[in-house]
Every structure is written in structure tokens, then in C-alpha cells.
Amino acid sequence: MKWKHVPFLVMISLLSLSPNHLFLAQLIPDPEDVERGNDHGTPIPTSDNDDNSLGYTGSRLRQEDFPPRIVEHPSDLIVSKGEPATLNCKAEGRPTPTIEWYKGGERVETDKDDPRSHRMLLPSGSLFFLRIVHGRKSRPDEGVYVCVARNYLGEAVSHNASLEVAILRDDFRQNPSDVMVAVGEPAVMECQPPRGHPEPTISWKKDGSPLDDKDERITIRGGKLMITYTRKSDAGKYVCVGTNMVGERESEVAELTVLERPSFVKRPSNLAVTVDDSAEFKCEARGDPVPTVRWRKDDGELPKSRYEIRDDHTLKIRKVTAGDMGSYTCVAENMVGKAEASATLTVQEPPHFVVKPRDQVVALGRTVTFQCEATGNPQPAIFWRREGSQNLLFSYQPPQSSSRFSVSQTGDLTITNVQRSDVGYYICQTLNVAGSIITKAYLEVTDVIADRPPPVIRQGPVNQTVAVDGTFVLSCVATGSPVPTILWRKDGVLVSTQDSRIKQLENGVLQIRYAKLGDTGRYTCIASTPSGEATWSAYIEVQEFGVPVQPPRPTDPNLIPSAPSKPEVTDVSRNTVTLSWQPNLNSGATPTSYIIEAFSHASGSSWQTVAENVKTETSAIKGLKPNAIYLFLVRAANAYGISDPSQISDPVKTQDVLPTSQGVDHKQVQRELGNAVLHLHNPTVLSSSSIEVHWTVDQQSQYIQGYKILYRPSGANHGESDWLVFEVRTPAKNSVVIPDLRKGVNYEIKARPFFNEFQGADSEIKFAKTLEEAPSAPPQGVTVSKNDGNGTAILVSWQPPPEDTQNGMVQEYKVWCLGNETRYHINKTVDGSTFSVVIPFLVPGIRYSVEVAASTGAGSGVKSEPQFIQLDAHGNPVSPEDQVSLAQQISDVVKQPAFIAGIGAACWIILMVFSIWLYRHRKKRNGLTSTYAGIRKVPSFTFTPTVTYQRGGEAVSSGGRPGLLNISEPAAQPWLADTWPNTGNNHNDCSISCCTAGNGNSDSNLTTYSRPADCIANYNNQLDNKQTNLMLPESTVYGDVDLSNKINEMKTFNSPNLKDGRFVNPSGQPTPYATTQLIQSNLSNNMNNGSGDSGEKHWKPLGQQKQEVAPVQYNIVEQNKLNKDYRANDTVPPTIPYNQSYDQNTGGSYNSSDRGSSTSGSQGHKKGARTPKVPKQGGMNWADLLPPPPAHPPPHSNSEEYNISVDESYDQEMPCPVPPARMYLQQDELEEEEDERGPTPPVRGAASSPAAVSYSHQSTATLTPSPQEELQPMLQDCPEETGHMQHQPDRRRQPVSPPPPPRPISPPHTYGYISGPLVSDMDTDAPEEEEDEADMEVAKMQTRRLLLRGLEQTPASSVGDLESSVTGSMINGWGSASEEDNISSGRSSVSSSDGSFFTDADFAQAVAAAAEYAGLKVARRQMQDAAGRRHFHASQCPRPTSPVSTDSNMSAAVMQKTRPAKKLKHQPGHLRRETYTDDLPPPPVPPPAIKSPTAQSKTQLEVRPVVVPKLPSMDARTDRSSDRKGSSYKGREVLDGRQVVDMRTNPGDPREAQEQQNDGKGRGNKAAKRDLPPAKTHLIQEDILPYCRPTFPTSNNPRDPSSSSSMSSRGSGSRQREQANVGRRNIAEMQVLGGYERGEDNNEELEETES
């Protein structure tokens, strides 16, 4: 075995030069050999060289070396995470072994291997952990460790040692829950600690302190806390604590509530009280929670309304009755249990007499009985005594044979063998514990005779009727002692028995035979004895023969009642005796009533009936004499008779007069008062100011007049004060309530009887204390001062409240020292005898208020006024003025909720105001933006006229709708289409210059019109750059403009100057007007001095109309009612809306511009709307394209309508328009005027009714009129105007001035039309400001102006796609402002522009149209006026077809061929018209009140011609259909171009009108088909019609008043074609007024023109 080691030793020797090699060799020994060597104990030789760590040199082993041995094995460790830990390991061996540690078979890396390691290998071999690393995923330190010690001799391995990381989670697996138990019950709380390692132990804490488990009642087992018998002290908050080496974890708090079953602190006790006293059962219970206490009566309910349960649960029963006796139970109950306690109430009822003894009158030797019966609780004892005698007689005494007096068990006193000495009073007295009462009766002894009553008649006579010679018998049966004597009397005369017919039998019966008539009378039976007599009467009637006499009925004894019982006297007074009896029901019939008779010697010697018809068995007999003896008997009666009398009652003596009235014996009174003994009961305290006193009288006396209750406060504080007296003057009363007592005061009370000035003995004294209340006054003299002994203490002193306000005994005083915060509050309480207190530890700088209040048993009283004190830093009081700093005051105010709320409200209001301002500002800016850009967005043709007038020296824009410009006044901004101007209500000054000078100059206030061409131009900004240089026309417009009518237009159609349907000025002269800004001819004649008759009331016949020339004027709104309204003052110059034409025949003015008409009215008008400023733009000169105006106007005086000279511009006589004094008429006013004036020509787009006529200012920027609707009716007004003007020969017409220089083009806000300049416009430059603003738009506008005419109506646009263009784009711009027009706005806003004629072809047609306008030749027609002169009407004068004109007659389509007329069937809501619409510019005005709920599609809406007068026989279906549609627009339609003659205007000549219509059309239609009544017609709401070109009605074809504005937009297509062709004339060629003639000439002329 040794040789086995040789290789090993050789290897060792070879490696001896290298210690590392040697160390490695040591690590690689043969374990088997080593173990074997160790086992055999063979020492391994080692070298002596100490430096050789292996202990050998060369191949030698040292003898002293030995292998390693573990001396100290490591032990298991449980360490908290992050804590240091050490695994100990010690080994010994030689050489010293090296120690390594292994965990789970792997070598542990220490700091020697890695200096950063948290494991350190200590020199002793222990493994030290700087901190235990332990995470959720990585747990490098936890595991099983072994220590290995090695040297070259071998190695030693220690025992396994586990290192575990202690864990203790936070969450308990089960938290204890609240427990509620009752006292004495076990309580269990369960708790499961959080998971941990090692398993945590459980302990408990109560109210934050460790629970003492030494108490044998408390057991902690398995996490459960058990308390076997809980006490009230066990209640609290418990926490379960889980503990291990990591630490502690506390559970949620669980509260143990130990409830207490109810238990009685004070149980109710049995009570015995007297009747009418109060009973109180006290019951006081405790428990947790506080139990509820209630009361119940075991054998019934508590007495209603007589019991109360006080706050202390005391049951009080007031005025106890005998029925209240029983057991009362107090029930205390809470959620834990219930407890009951009972007490018995015994009601002690004082005795009272059931039967009182009465005075008796008895004869000597007789026996008398005094009855006395009493009841009470307990049953009272009754005893008798004779007054003045002390001998008492009791019922239970055995009778004495020698005594004549005895008392029965019931209490009756019987005296036998009455003697005269027995006379006197006998007193019956009853007694029990509740009291005693006495009564007495008098015994009177009389002689025997005097004692006998008078006789009694048992059966007396009855009434009878007998016949002559008949026999009747009167019976009278009487009893008495001795036997009474019976006598009869007839009528008071004794009956004589000497007559043989009369016989009295022995028994007293009287018999009379052969009765005679003289026997009739009253018969009385008198029964008499020495003691008296009795009488009974009956009436006997004897009748002659022949009178039927009914024999008396035989009386059956069984039918008569039996006699009642003997009456008993129950009560006696001075004048009254009460009797009671019982009927005898054993025999006889039942009685129905009773009769009572009485006898007294004091009243007479006979029985007297004192009561009859007594229905009861008790009766009080009144009216008796005092001190008299009476006897009574009772008889029963029914229908068959009267019974025998009852037995006579015992004698009854009424009482004598009062002793006081008779004079009294003072000694007797004093003696009796002295004998009256009062017993005073314990007083009952009712409240804090009243006490009830009860007493009883032992010796009652008749001389007791009342009682005096004496009381006074008692106690040392009060001394011997005087007695206060409370008198009771009712002798029978035995209790009283003393009121007005002092609160909380002890009183001593006694009672004393009295009679007048005599007084009896006092009762014993009783004591009682009233209830306390809280003091009603504060302590007095409260002072606060600094305490000298302590720097931060104060001394509070006071005096008690006044004694009369203490309301009891002051038990303590409460002192409040309150700082400005609750943490500084200090409260003190001292006893009632202390009047000062020191309050320490006041905080310097804090202001304190000190209050003091006294407290009694009832609570604290009133607090004193607060005393303020504040100490500085040195403890000295601060002066009052320095106590509150300004900062503190400000801080207090700022902290107030009201201040904070006010600041919040103010901020909110500011925010809201800012929001409103911002909203309005944004809206205004958006309005400005939409004014410029919005027009282009909406393809609409809107004629937006605006009147600019002066008010107070400054230019003001009219209150109408947008459109008028005053280019010379920057302030008078034109109204934008999307805005509404503010309407002035009063414009009385005539500052509007509507008259142009002959030289072409006009005043700066001249009205400028915005035409739809402007809108068209503006709209094209958004098209595909289709721009054409559009030159602004300079002149060539010939119409007057009455500016004030623009204002009228904003009103309803009622006008004060409309007389009989005619508009006249105060002088009766019609006023001319025009729809567009036309160059007016000189109005040479003064309108105010016109010769027209304002009172003229007629319709001109058609013949006259033929001779009258109708000037060409545009009408916009039927203003016949409107003008009348604002012309109420005759001094105001007459005006007609600038766009209206006066109808001489109808008296109406007609509207052809919806822009104007829709602006009137107040409905829907947004007042105060401002018009944003619109920049002016320089316009191109249209002079190159348009011919000049005619050099010589037509030679007719009516041409003055079209020219006004400069000198007449401000002529006072000139019809200068005046703004209306009242802008709007109310609907009712309109209706009234409508009724007064009769039928009024309907207005296009507005109902003839006032409601429909009234306009509201609504934005019409999205409503588009049809291009031709608006123009024709303007020209159709001419016949009336011409006819009326013929009455003014002095009027002269001046030629129109030559074209002026170029003027700025219309501002971009106008819709569709370029404002044509007036003469004054030619020389008037816009303000620079507006020009500058306009320069920005000039370039754009110039390129679009030429597009205007092409956009108006070209063959491609208006004919080819007329319906769509009208519906899509044109209608969008038309607005109606009546209430009915709200829908039309909505309709137009949704109208499609798909059908718009803004196309490339349209653009070309527009350019071509403009060229055509420049050289258009129109054949003129002459007509005759009234004088036979042929002339042209002004409206038919040749004039250039300027795009600035809204006259659709001047269209480029004149040259086109007229289409053949088509017959169209008129359909409600879908009226179709066919017309040439390719050459007309968009007319200016839509129907003002057209109301369409839906936008018509381009296939629905069809072009309609101008409505012309219809024949009276025309079918009225149009009206009816329109009315059924509910349209607000009333007008007459022209079907297939046929004109209708208004019957009102020309009722006598409808045929001529029909012929004229047929001529104009070229094909005549039957008049019956178009015969419509003159009534106003509402067009259906869907009838939003495109433009139709206005016609030139001749004097032979006057306008129907119903076609006012409807003729502008409603008409047959044939008529429109006729009028369009005729109307397309070159103004330059029109030298004289012309008119249309009937026949085919029209067509011929049209053909010539087209050619």
C-alpha cells in the first residue's frame, strides 16, 4: 500500500520546485489513498521547512501534519433582504487548511475572486454577506451552503447550512372585520397574517396598545381573538399584527362594538292617586345604543289626549279617572334586546253620594227613614250623627233594642216612633282614603191630621158627545181618609139633583137622561175630605137630531196602562224637587207619557197638575215654593186613557233661603268654621310657574263660603316674606292651580276656609318647588383683565344674574374664551358660587372674545356680551383700536364666501360681456367679408336699391333694403345685400334730392341704385376668369327716382295719399317714379301745386285710358296703402316709391323690384343693423357702347317726369320724397285701411292683405329674382301715369343732358345690376376714401362689366335654359321680407345654380348683347293722347339699352325672332310662361312676399310673362288655386299672354282690353278662359318666377290693378314675347311717345326689328 504512493511522491518531488504545482498536487490527491491513510492513522511525513506550505520537502511528510477538520459547522440562517449575514465555518488541520464555500455544488465567488462581490471570505473561514440580494427573478444568495476545508492531506466538508431570505408581505390574507356584540356575549375576531417566511406570528393591539392576553377572558389561537365574556370596556379598535424577522405588518382596523342591553336605572313604581289628579310613572333606562322607551297599558290603550311622555320618558296622565286604573308597562328596547318594567295605577275616588237624605215630615209616632248612599274607591264608610251630638251611628254596629235609631248596611238611617224631640238635622258622612263628604237632612214632626193628604180621584169623567134625549153617565171614583165626599158642578155651578133627568148614584156617578141642548158644558167632580179636595173635569156636548153621534167606546182595562210606582224624591232645592219612578210593565199597556200631580198646604187644598206629557221616568218639578212640604203622585197615560194614580210620595220639604240672607249668628258661624278641618295634599308642580293644590274638608259646613290658598317663597334667601293669597269662592271645589309663580323657587303653601269676614283654621303647610329654566339674563359686570401672576393669563370676573331672572339655582358658570380659530378656543366651568376665573396660556397676538353664561339644572342661560382682549408679545393687553390690523380686516373680508362669490360672478359677467363683444365683432367682420365675397359665392341677381337722404344735415341711408348709394357722402354707405340698415322712423325734412338738373348735374344726395348687373359682375369673380371689360354707362337713363318711396317701400302698402286707390300728393297730383337710377327729365311743374283732385274717387274707363299716354316707369311694390300711411301730414311733399309707378286708373302703384319691396315692413327686421362701408370703384365709360340720350324729349308735358332741372332740384314745390314719419304699419292697421279702401291691386310677391303686404327686413342676399319679372310691370304703369299727367299742361320736359364723364362702377355689394347714374352722378365724384377703396376692385370689375349684358338674358342662357337659370341662380338672390317670405329666403338659399346662365356661351351672348344694345333700332309706335295728339309715351321713347337700366325692354333680344306663342294651362304653383329671356337684364326686384317652402328645381319653375290686366270673365281658378296654396302673393296671372282688364278699373269695356291682348299676342283667346274676378289673388308659394320683360301698355290697354307687382313677374309667355319685342327699342330713335296698337302691327314691327 505504501508503494502505491510512490508514483505520487515522485510526482510531488518533481513538482517541488513550483509551489503552484505543489498546490495543484495537493488538490489532486487520490481520495481513496488519503482516506485510507487517515483511517490507518499513518502520518504523512512533512518537511520541517515552515515555508513549505504543504509540509513536506522533497518526498518526506512531516509527522505533525494532519488533514483538515471542521471545528465549527455553519448553521442555517434566515436573513432579511438587504441585511448582512454571516455563515460561520472553522476548520483546523496542519498545515492550516484553506476554506472554500459551495452553494448547490457550485463554488461561491467571493471578494477574493471578484473585488466587487458582496460576499467576503473572512480569515476565519466564515462567509460574510455585505447584504443579502434577493429579488423576484434573481435570488443569488439563497440556497444551501457547505464549507470545504482543504490541505494537502485532504479536505473536510461541513454540514449543509441553508441561507433563506426572510419574507413578509404587506397584505393580510384575512383582515379582521368589525364585530358588534352585547355585553356578556362572546366576541370573535379572525385574522390571517400575510404570507411570509418564516411564518409570521400574530398578536393583537387594542386602541394602539398591545392587547393584554393575560386576561382569562381573552384567548388568541390560530389568528383568532376570542373574548368569552365581553364587557363594555372591551369596546375599541383592534388591529391584528403579523410579525417575523422582517418586521411587523398591521391589518386594517376592526372595531369591536359592545352593545348594552337595555336596563332600567329607574323603574316605575305603583301609584295611587285620586280622581282628577295627575299620575306620573318614571322610567329611566340605559343601554348602548340608547334604547327607545315606550309605554303601554296592559289591559287597554293609554287614555287619549290625557297622557304625555316627557323627554325623560316619564309617563304623565292628567285628570285621572276610575277607568285609568290598571297596569302600565315601560318598554325599553334597542337593537340588542328589550326590557320591561310595570307598575300599577290605583285611582282613589273620593266618595260621592248616590242618594242623599232629604228632609222629612212625619207625624208623631210614625217611622221615618233617611236614605244615604255613597260610592268611591275604595268603598267609603257611611255613618250618621245628629247635629250637635257626638254620638256616631255606623252601619256595622249591632242594633240596640232600646234604641230607636239604626243604620242599615246600605247606610240608611231609620227612626222609629218619632217623637217631637227628634226634630232637627241629621248628618250623613261618608269617608275613604281619598276624602270624606257630609250631607244632612231635616226631620219635622207634625200632627196626625196635618199629615193626611187630600183625597185622590182614581177615575174621573171623560169627554162625551150625546144626542138630544140621550143619556150620558159621568163616573168619579175617589179615595181618601176619611172617604171623600163627591160633588158635581157644571160650568162652576153645583149640579142640582132635583131635576128628574139628573141622578147621582151612591158611588158618586152622575147620570143625566133625556139630554138637552142646555146640558152641554163642563162637568167637574169634586172629592173632598177635611185635609183637602180633588177635582176632575170633563166636557159634555149635546147635539140635535140628525147629527150622527158616535157612542163612547167601551174601555178595555188591558189597553189602559197600570199605575206607576211610588215616586221617589232624588233631589230637593229651594224651588225644585226631582222625582223618579218606574212604570208597571207587569200589567196593562205600555204608557206613552206621564202626568205628575202635587199637593202642598202652602199652595192650596187640592191636587194640582204640575207636569204633563212627561216622556221619561224622571222629572224635575220647578216653580215650587221654598220651605214648603209637597206630596207628589204620578199617572201613566196612553191613547186609550189614564191609569190609576201611583202611591203618594213621601212628604218633601223644599229648602229654605240661604242663611246669609236671613242674618247669621256670628258665634254659630265661627263655631262651624272652626269645626271644618282642611287636609292639604302634597302640591303638584305643573310647570315652572304653576302649582296645583288639592285639599279635603273633614267637617263640611254650610257656612263655608270658600277657601283661601296662602303661599310664599321659602328658603334662606327669601326669609319670612308675606303670604300671598289666592281665593277660591266655590265651596264645592277642592283643588286649584296657583299661577304666575317664580321659576325654580321653593314655596310653602297652606289653605284656610272663610265665610264673609270670618275665617277658619289653617291647614298644614306643604312645600313645592317650581321647575327650573335656563337663566333668562346673562351674568352682570363681566370684566376681562390681565392676570398679574402669569404673563399669558387673563382674569375674568362677573356678578350673578338678577335674582328674578335666574330661574332656579345657579349651579355653575360657563366661560368661553374664543380665539379667531378653533385651536385657540379655551373653555372653563366653575361652580355657582364662584364669580371669577383665571384663563392661562393665551397666545399672544390672537384676539380673544370672552363670554360668560350662568347655568341651572335646566341648562345654560343667556351669554354675556363678548369682551375682547388681545395680548402682545410681552403679555400686555393691546388697545382696542390696535387689535385688528388692516391686513387682518382685509384677510377677513377676502375669506368671506360672499366676497369670493362676488369676485366669481364679476369675472363671469366680464367674460360674458367680452364673449358677446367678440361675437358681435366677429359677426360684423364676417358680415363685411360676406358683403364683398359672399355675393360672389351665391349666384343671385338681386336688385338692392337703397335710398340715401339727409337728416339733420348729414347723409343717412334709408331704412330700406340695400342698394342705394350716395357716392358723394362717405357716411351714407350703401346697404349691403346681407345686412339691414337701421330704419329711421321720422324723416320730416325734405332733404332728398330726387330731381336732376337739366345740365346733367345732380345734388350730392342724389340716390344711386345698385342693380343686379353689379351682382352679376361680382359673382363672376368666382367664375373661370371670364372677365370682360364692362364699361359703366354714363347716361341714357330717363326715369325719375323718387327717393322717399324707397322708404315707403320699407313700410306696408298703406299710404295716406292713396285716395280711392290712387296715389296723389296733397294737391291731388300723382307723383312719378322709376325703378332704376334714371336720368330724370326736368319736372317743371310743381308737384305740390298740381291740379289733381285728391278727393277724386273713380276708375277711369278704358276709352279714356286709350287716349292717355302711359309713361314708362318701373314699379316695385304696390304702395297705394303704404304711401297713404306716411303721408298723413298734408304738408309733407308727396312721394311714391322710387321703383313704383302710379296707376292712374287703379290708383295703385306697382312694384317691380323685390329688392325694394322686400325691404319694407317691420316683421323680421333686425333693427340697428349697420351697413358696412363698401369701396367705390371706378367704372368704365359706356358712352362708346351706348347711344346718347335723345336731344329733344317727346313733346308732352308728362316728360317732365323724367327730367328735373337743377333749379327745381330743391324747389319746395317739387315733389321731393320725404322719409316716412312712420315706417311701418301694423298688421291691424293695414287690414283696416284695406277694408276702407276696398279692393286694392295686389302686389307681386306680396299678399293684398296687410299681413302679406307688410314686409319684414330679412336678408335677401340669397334670393334671386327672375330676370324679366321685374321690368315689364314697371313699364306697364305708364298708361295711368300718362293719363293723369294730361291734367298738368304747364309741366314741361327738358331734354336730357349729354352723357357725363365716366363714373365709378357700382360697388360690389349690388346684385346683378350696375347702378345707372343720374345726371348729377355724371359730375359728382365719389369721395377719395371710397375711390381708394374702389381702386382695389377696379381691375377685376372692368373685366367683368362687359359680361353683364351677356349674363342678363341671352338666347342661350335665358331661352335655352330659362327655367334652370331662373331657378338656379337668379331666384337665389330674390328676397321677400314679409312674414310669409321667410320660406322664400330658405328656398333661395338652397336653390341650385346648376341652371345658371353663367356659361361660356352666355358670356359670348352677353358681349353680343352689349353690342346689340349699342346700335339697336326699334320701330316706334305713336299713340294719341286725350287731345288727339300722337306722341310717344315716356316709357316707350327710344333710348339706349344701357346695362345700367333695369328696364328689361331695352334688351339685346329685340333683334331676335319672336317665338310663336304657346297656350299654357294655368296650374297653381306651376305657372308656365314662355318668353324671350335671352336679351333682358335681370330685373331689379323679386316678388316681395313670395313664400315658397321649397326651392323649385329648374324643371319645376317656368318662365312666366308679365301679368297684364285680365278680362272680368277670366276663369278665377288661378285665384282659388293660389289661395288654396296659402300664398301671401296676390295677383292675377296672364295665361298665354292674354291681358286682363280690371273690372274695377274699367268695368265697362272689357272687350277692348281683350282685343288689345289678343292683338298684342297675335292670337286671340277666348275671354271666358281668362276672365278673373278683380279680387286679389295669392300666388302659390312655389311660384318664384324668373324675369319677364316689362311691356309698354298703351292707354287702350291699362294695367289691371291686380297686376301691380304680379305683372312684373307673372304673365303668359306670349304676352311677354309681344311686349319684349315691342319694348326693345333704341331710345335714341324714340322721339315721341309711342304706344302699342292692336292688330298684327305688333308682330310686323317686331319682325322688322328682328330683321
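The backbone N, Cα and C atoms fix where each Cβ goes, and this holds for glycine too.
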Original post:
Swiss-Prot tags one of Asn827, Asn966, Asn1082, Asn1449 as N-linked glycosylation site; which one?
Top reply: Asn827
Original post:
According to the record in Swiss-Prot, which candidate from Cys330, Cys372 pairs with Cys283 in a disulphide?
Top reply: Cys330
**OP:** With reference to Swiss-Prot, specify which of the listed residues Cys147, Cys191 is paired with Cys240 by a disulfide.
**Re:** Cys191
Subject >> Swiss-Prot annotation, disulfide partner of Cys89 among Cys147, Cys372 >> reply: Cys147
**OP:** Scan Cys372, Cys476 and flag the one Swiss-Prot records as disulfide-linked to Cys428.
**Re:** Cys372
Original post:
Asn160 (N-linked glycosylation site): which of the glycosylation sites Asn463, Asn790, Asn827 is the nearest Cα neighbour?
Top reply: Asn827
Original post:
Near the transmembrane segment (898-918), which same-chain residues lie under 8 Å Cβ to Cβ, leaving out any that are not at least 6 residues past its ends?
Top reply: none
**OP:** Measuring CA to CA, name the entry from the glycosylation sites Asn790, Asn820, Asn827 that ends up nearest Asn463 (N-linked glycosylation site).
**Re:** Asn827
Original post:
Got a sec? Which of these glycosylation sites, Asn160, Asn820, Asn827, has the most Cβ atoms within 10 Å?
Top reply: Asn820
Original post:
Can you tell me how the residues of the domain 'Fibronectin type-III 3' (778-874) break down into helix, strand and coil by DSSP?
Top reply: 6 helix, 47 strand, 44 coil
**OP:** Look at the glycosylation sites Asn463, Asn790 and tell me which residue has the greatest number of other C-beta atoms within 10 angstroms of its C-beta.
**Re:** Asn790
Subject >> Alpha-carbon distance [Asn827 (N-linked glycosylation site); Asn790 (N-linked glycosylation site)] in Å >> reply: 18
Subject >> Number of helical, extended and coil residues in the domain 'Fibronectin type-III 1' (563-657), per DSSP >> reply: 0 helix, 44 strand, 51 coil
Original post:
Cα-Cα separation of Asn827 (N-linked glycosylation site) and Asn820 (N-linked glycosylation site), in Å?
Top reply: 14
